[in-house]
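*Asks:* Sharing the feature lines straight out of TrEMBL:
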- 27-49: transmembrane segment (TRANSMEM)
- 28-445: domain 'Ammonium transporter AmtB-like' (DOMAIN)
- 61-80: transmembrane segment (TRANSMEM)
- 119-138: transmembrane segment (TRANSMEM)
- 143-161: transmembrane segment (TRANSMEM)
- 181-202: transmembrane segment (TRANSMEM)
- 214-234: transmembrane segment (TRANSMEM)
- 246-265: transmembrane segment (TRANSMEM)
- 277-295: transmembrane segment (TRANSMEM)
- 301-322: transmembrane segment (TRANSMEM)
- 334-356: transmembrane segment (TRANSMEM)
- 398-423: transmembrane segment (TRANSMEM)
Amino acid sequence: MAGLTALPPNLLTGDAAPEWMNKGDNMWQLTSATLVGLQSVPGLIILYGGGVKKKWAVNSAFMALYAFACVLVCWVLWGYKMSFGDGLLPFVGMMGTATTPEYLFQKAFLGTLPNATMVYFQFVFAALTLILIAGAVLGRMNFYAWMLFVPLWLTFSYTFGASSIWSTQGFLTKAGIIDYSGGYVIHLSAGVAGFTAAYWVGPRLNKDRESFPPNNIILMLAGAGLLWMGWSGFNGGDPFAASIDASLAVLNTHLCAATSLLTWLTLDIVVFRKASVIGAVQGMITGLVCITPAAGVVQGWAAIIIGLCSGTIPWFTMMVVHKRSVLLQKVDDTMAVFHTHAVAGCLGGILAGLFAEPKLNRLFYGFSPDEPTHYIGLFYGIQTGRLNAGLKQMGVQLVGIVFIVVLNIISTTLICLFVQLFIPLRMSEKDMEIGDEAAHGEEAYAIWGQDKLESSLYNDLEQSNTHKNEVVKQG
């Protein structure tokens with residue numbers, strides 16, 4: 001009998017597998033984190049590198065790569081504990097390192113995972129947020145200013161939002177805000193911060209604003225595909241378990257993204273008579289962003305409705321409102337981060353407050369069925385006679401939006417002004433004319449022998465001009 005009841009060797013506990021750790025959950029969490037990491041490296045590196053003008057391909061891709069590396073170092077040295085450590089204030093934790101085995105091998109604040117896994121999982125979200133901000137300032141921000149901006153913004157903006165909304169001690173967490181996987185903390189933050197940074201950095205050269213074609217649309221599509229597939233980990237990893245709620249979140253994510261893409265594409269065809277590839281990518285992104293706050297707490301039919309909204313409203317703000325707004329026209333947001341992330345993230349937070357189902361909220365947030373709670377969408381509050389609870393939920397959702405918007409406008413402005421004291425935020429006009437070669441001394445598509453050919457053509461042209469001048473003088 002003892003042999004029949006003995007656990008298989010892979011399920012036995014020990015120093016490397018304590019009793020509180022679930023190996024399956026830990027494996028899914030590490031996989032999810034890696035999927036999210038692939039959204040940045042190489043996902044957004046490829047999307048940015050292919051989606052900008054040829055002369056900016058290296059600079060744009062390198063801004064993403066640098067941010068990914070810089071955030072990881074800052075995250076383990078102080079960022080993680082400021083976001084999820086012991087509370088210093090209601091919106092930020094105490095600074096501290098997350099590097100020692102004694103800490104990393106302990107159980108994380110949520111889930112059946114070690115701190116090491118949680119630090120890694122939360123890092124890839126933080127890195128992605130900074131890389132999204134970069135999308136708003138491509139094509140003119142001084143790379144050295146960006147090097148300083150990244151650690152400062154992580155420290156004085158991202159950690160405040162993450163601690164307030166995701167930490168168990170955050171004031172918006174305690175208020176009951178619904179942000180399943182980062183519609184507020186990541187996308188709304190990135191959209192507002194990117195727009196604010198773009199204001200302070202200033203616009204691209206006029207000719208770049210007027211004509212900024214992607215240098216490689218196929219490459220851009222490859223990056224967009226990595227972004228889309230990586231979202232399985234982005235939303236599927238946030239229950240911190242390989243659970244049915246994770247499965248629902250993954251399915252809803254892709255359903256909403258597909259619906260949004262088709263909606264955006266339809267509007268482009270009806271209005272502009274063109275099936276735009278770039279438009280389809282934007283519709284895909286707005287769908288992914290919009291479902292993020294609600295991914296695992298809404299039904300499939302609601303995910304479709306959210307997709308219809310995310311393919312329509314950001315399209316309207318980008319294609320109609322943007323062209324009529326003096327402020328939006330003035331601020332040069334290179335990759336339209338404001339529309340695809342700020343507008344879509346804000347919309348997602350509101351729709352989560354409308355469609356969040358109490359039973360699914362209970363699966364995710366883990367409260368008792370008998371426990372009075374305001375984790376209930378407004379529509380379900382009306383249906384079940386709990387109107388006040390539904391209205392309260394919508395109020396919390398709106399407060400969260402205001403908090404994130406104000407936080408990022410103020411923090412990003414102060415950071416930009418501080419950086420400008422030491423390093424110009426903007427490249428010189430001469431360097432912006434040249435692009436990658438001026439910023440990094442490298443080109444994206446340099447061909448062997450091209451320099452010699454260009455030098456030869458230049459010399460021939462000079463000789464021709466000299467000859468013409470001599471003929472004119474003799475004449």
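From the backbone N, Cα and C atoms, a Cβ is placed for every residue, glycine too.
On this model, are these features tucked inside or out on the surface, and what's nearby?
*Replies:* Long-range contacts of the transmembrane segment (246-265) within its own chain (CB-CB distance under 8 A, at least 6 residues past either end) are made by residues 28, 180-181, 228, 231-232, 234-239, 275-276, 279-280, 282-284, 286-288, 290-292, 294-296, 298, 300, 303-304, 306-308, 310-312, 315, 360.
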*Asks:* Establish whether the number of Cβ pairs under 8 Å between the transmembrane segment (398-423) and the transmembrane segment (181-202) reaches at least three, counting only pairs separated by 6 or more residues.
*Replies:* yes
*Asks:* Counting CB pairs under 8 Å, which listed stretch among 27-49, 119-138, 214-234, 277-295, 301-322 touches the transmembrane segment (334-356) the most?
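*Replies:* Result: 277-295.
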